[in-house]
Each structure stands twice: as C-alpha cells, then as structure tokens.
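This report refers to the structure that appears directly beneath it.
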Amino acid sequence: MSAACAVSREAQPALPPPPRGDRDPPAKAMRRGLRRGREEEQDQERLPWPAESGGGDPEGEQEAWRSGERRRRQPQEPRALAAAARVEEEAEEERMEREHFRRIINAFRYYGTNMHERVNRTERQFKSLPANQQSLLPQFLPHLDKIRKCIDHNQEILQTIVNDCVHMFENKEYGEDGGGKITPASTFDMDKLKSTLKQFVRDWSEEGKPERDSCYQPIISEIVKNFPKERWDFSKVNILVPGAGLGRLAWEIAMLGYACQGNEWSLFMLFSSNFVLNRCSEVNSCKLYPWIHQFSNNKRSADQIRPIYFPDVDPHSLPSGSNFSMTAGDFQEIYSECNTWDCIATCFFIDTAHNVIDYIDTIWKILKPGGIWINVGPLLYHFENLANELSIELSYEDIKNVILQYGFHIEVEKESVLSTYTVNELSMMKYYYECVLFVVRKPEEKCFE
C-alpha cells in the first residue's frame, strides 16, 4: 500500500489470531507491555555503582552504600517480576500461535479421514437394512463409491493448499512437522473447513455469480458513484475490505483501478485465498466437490456429487500497476492509524463482532474526514449463545442510532436487500437474508482522536 494506507506493524504478514470464538490474548498489547518491561530493566542497569574507596572507613562506606542500594533497588523488583511475567506471556502467546497454526493445518489434512468415516457409517447403516429393502436401491452403494472419489479429489486440493501455506506469515518453522501424524480434528474445525470449501463457490466460481451480484455489486456501484473517474485518480482512492474471505470483493475493487486492501483473520480463509490468488491463473483449471457433505435435501443423487470449477477469472489479470493486497490479523488490532482510508466496505462482516460498537469505533477512527463506509449484510451474531464469549446483539435500529451518535451522516439506506450466503442452488432448502445496505459518511470537519 502507499504511505497514505500505512497500517500498524501488526498488519505485516504474521500469524493472525484464531478465528471467531477462539482468540488468543491480543499480541499487540503484550508486545507493548514487553517493551515497557525492557525499558524498566534498562532503568535498573543505570543505577549508580560505588566508586573506589579513597580513605576513611571503606567497610562502613560500602555497608552504607549497600544499604542505600537495597533501598533504591527494592522498589524496582516488582517491575522486574512484571517484565519477566510479560516475557512469559509472550512466549505463551507464541506457543499458542504455533499450536493454532498446526491445528488448522491438521484439519486440512484430516478432511479425507473424517469424510470417509462419514460415508462408511452411511454404508454400514444401509447394509443393516433388510435385504429386500437394499435390493430396492441398487445404485445406493455405487453412489457412495462416487462420493469417496470426490472426497479423495477434495483432499488432493486441500493438501496442495497446505503444502503452499506452511511457509506463510514467516512461519516456516511451523510447517516443518507438517508431514507428521494426522490427529482427529474437532467437529468445529471440520465444519469450518467444509464451510470454506463452499466459499470457493461464492467467490471464485461461475455458480456463485448470482450471489456475488446480490451483495458485492451494490457495494461496487456505491464506490463507483462516490469516486467517479472524472473527479478521482482511482489509484489514490484507498479502500479497505475487512472480513475479505477469499478476496473476491477486494479483487473486484482493485480490478477497477482503486487501491484496495483486504483483511482477514481466519486461517481457513487465509490459506485458501493465498492458494487461489497466488497459485491459480488458468480459468476454471481447478475443481472441487463442495456439496458432498450435504446428505439431506438433495433432489437427485447426482446433485450431491456435482463439481464446481474455479477460478472463473484469472486472479492475475489485474491491470498493470494495480495496488491490491491482503493482510492477516484482527481488524481492530491491525488498523489503528487515524484518518487513513477513503472508503471501508463491509459485506456480511459487522455481525462477526463480539461488540459491534467496537467495529463502529474503529471504522470512525480510521476513515478520513469525508470518507464513506459502505455496508451490506444481516445481523446473524456469531458469538450469540456461546458460553464464556462476550456477545452484544444489537438490532439494526440500535446500530443506526450508534452510527448517528458517532457523527456519521447516512446517505443511502435500504433495509431489504435479498441475498444468500454460500447457497446450494439445487438444494431443497435455502436460506435467504434480507440484508441492510447503507452508505454513511464521516463529516469533513470531524476527526476522532
């Protein structure tokens, strides 16, 4: 990014915190505390030491000095202990980061085992039926064999993603044991991984185009309307997309010539976006079977095993000189520089907050005076009903009131923008969201410190 789009040090490629409800203590705060501890240790090192005795009562002078030294040093000891504790905290944080990185890598590698166990269970249950009932469905077991082949193919793609990502974020050492024993992954991690496979449909397949048109296109249209080429040098319009997922919205914005940065903190998303953005260039050269996990609501057996192809465009086809990047980390920790961004575009994002007011506060701070915030999405709060997790579930009315009290001016507001999210178009069950679209502007004269 240009100097105008500088972000804090934590925005550089570094291991982001675990996704959603499983976050570690903020690394930024611990690093700041560690710096304070080091400064205090340096203060101790600058304490005066006794000069060579030149006469009088050397032993008395030395004892007097030692007594005074004890008095001077004693108040420093709690600080030294605190500094040592902070060092231990940072070491623990790094250990947790390595463990989280390896846990997600393991989930990618465990996918095939997990899915084969699922299919094997279905086969056992089918074979427990009376023989006359089994004979009514001669294609059932061959269909399961087809699913097994799809699983193996998906695992090959996931292994390719893993092979590339073990060296991401300067964490090469984290991947050195990547060929080690695969251990069972949690149900939570496997659900996240299966959901990530559907993100390829949403962001990088032809099948996902209607969904992108419903929620990405309104954002892009507002960007073009507010930053027209007649009045703006696109390359100097700095746009941030928090919660960028696999990066398609940010990529589309950069494709128009704007300087765009996507931000994401889920390793499932970051590993996958790294693969599609940096390793895929030929259109529709890759294939996935994202619907094989869905054993219910299939009209036809073939619907379950149909493939999707990606990417539907060449991610490397950005115009020469384009300014497009992705950062890894927590949105609130990374972006702290006041008055930096011309536009912030959030899509299905604000309900990922523990406290959506924190998101609003960060957006207000980092937007330039006169900058705009464009939002599309529902309010399906991700931490609702999770034990031991802060979750403030506000209505849109409440959110709107908070936005106005911060000082934003509402320029566009639509309360029923119909959209889906990673929908299976052939499924017998679909979820539709009536999303809110709004465009709000930070006044020129306002600057929040």
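Heads up, the Cβ atoms here are built off N, Cα and C, so glycines get one too.
These numbers come from a predicted model, not from an experiment.
Sequence-distant contacts of Phe331 (S-adenosyl-L-methionine binding site), defined as residues of its own chain at least six apart whose C-beta falls under 8 angstroms from its C-beta, comprise Pro242, Gly243, Asn263, Trp265, Tyr359, Thr362. The S-adenosyl-L-methionine binding site annotation in Swiss-Prot covers Gln199, Arg202, Gly243, Glu264, Asp330, Phe331, Cys347, Tyr359, and the record cites similarity to another entry as its basis.
Taken from Swiss-Prot, the feature carnosine binding site covers Asp351, His382, Tyr433.
The region 'Disordered' feature in Swiss-Prot is assigned to 1-91.
Mapped onto three states, the DSSP output places His382 (carnosine binding site) in coil. The separation of Tyr433 (carnosine binding site) from Cys347 (S-adenosyl-L-methionine binding site), Cα to Cα, is 13 Å. A count of other CB atoms within 10 A of each Cβ picks out Glu264 as the most crowded of the binding-site residues Glu264, Asp330. In this structure, the binding-site residues under consideration are Tyr359, Tyr433, and the one with the smallest number of other Cβ atoms within 10 Å of its Cβ is Tyr433. For Glu264 (S-adenosyl-L-methionine binding site) paired with Tyr433 (carnosine binding site), the C-alpha to C-alpha distance reads 22 Å.
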